[in-house]
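Taken from TrEMBL, the feature Ca(2+) 1 binding site applies to Asp88. Residues or ranges marked as compositional bias 'Basic and acidic residues' by TrEMBL: 158-169. The compositional bias 'Acidic residues' annotation in TrEMBL covers 170-184. The feature domain 'Peptidase metallopeptidase' is assigned by TrEMBL to 1-146.
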Amino acid sequence: VTSWSRRLDAGSVDATIQKALAEWEKHADLEFRRAQDPIMNMKFGVGSHQCEYPFTSSVLAHAFRPRSTSFEPKDDPSNLIGDIHFNDDVPWSSPLLLATAIHEIGHSLGLPHVLNDVNSIMYPILVEGQRFTPRDIKTIQAMYGPPARKGIQTTQITHEHGSKERRNEESEETEEEKENEPDETPQPCSSGADAVTTYRGEFIVFKNKWLWRVLNDGDTLYGPNLISDLFPGLPEGIDAAVEIHGQIWIFSGKQYWIFSERRLLHGPRPLGHLGIPEDVPRIRLAYRWHYFDPPATYLWGEHEYWKLDVRTRKVEDSYARRISLNWKHVPAGATAAFTRDKELYFISGDLVYRMNTTDYRLPVSEGYPVSISKFWPFCETYSMGTTVIVVFVFLFTL
């Protein structure tokens, strides 16, 4: 530790870090020793803390992955590879530091986040009762080999609200464990999207049976969560979504639903209620376009699109129109559309396209497309390895 905490005495910090390192030694062929020229430096800091990744109030710590899992020496002492930084604006206690250090050491060893298992010590948000799951153990052993002596270990990770004792068997996964693993969740920075919309001051991104929420500054991610957790009664596959006057309209197949906060107002209703022809199998894109004042709402099928009169909840009589005539620069495989700062965006695969709506030809804006990982600022900290504190209070009231 090169810079100590103002919150905990050096002895407590040192003992806690040693305990965290020992947890990793239990599960893989690893041995940590003090060294004059260490390959894993740890420090406490606040704000910018002489690092290009400054701390915010929600971040506990971040870590930098090794050059390789064989721990090649650093060529440059200023290189941050393998280092761990703790946010000293956090009111640290030994239990909180232990849980955080175990997670960050995982990143320093080369492990990525596990986004689909809240019980994993590599889940990006600190939650009571996290432990070394069979997947965590398999991953670290694939990188460094199993420990010299196998056995049954007991790991106690204590958070601020008590402790839970977890029994980890260093053995291969049983068939039952495999069957009980959570379904694979999408990766918010690379998986694309089935639908994106603003809602109550944040973005909601839908993918398969999952959704995640992004604050409007793009710096903070909540989720992924199951769609059913926030919008009960919806099918798992969402085709399109759009916010209209504080309500969220969600489309799936030949039906749509309207929610206010988490409360279902209408639905499921057939697309025909909106004046969409019966032979249209789905609405694949929905968005509000700020070219008009007030903004206009558009619904896209596979080859045609409609303008929705939000007062009558019917498409306008002069529609449908051919997508290929007016929007020929939008990628044919676009799966989501949304507005951000009054600009219109489309997502196709893992790329984001911004349209130049000041040009009558509606071309793609200069500098686009960009990858999803470049578009959302939170992806920078996700790829680096950051643990955040999140209070699980949905912004939707019941």
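Keep in mind that glycine also has a Cβ here, set from the backbone N, Cα and C atoms.
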On the DSSP side of things, how many residues of the domain 'Peptidase metallopeptidase' (1-146) fall into helix, strand and coil, could you say?
45 helix, 17 strand, 84 coil
How many other Cβ atoms sit within 10 Å of the Cβ of Asp88 (Ca(2+) 1 binding site)?
21
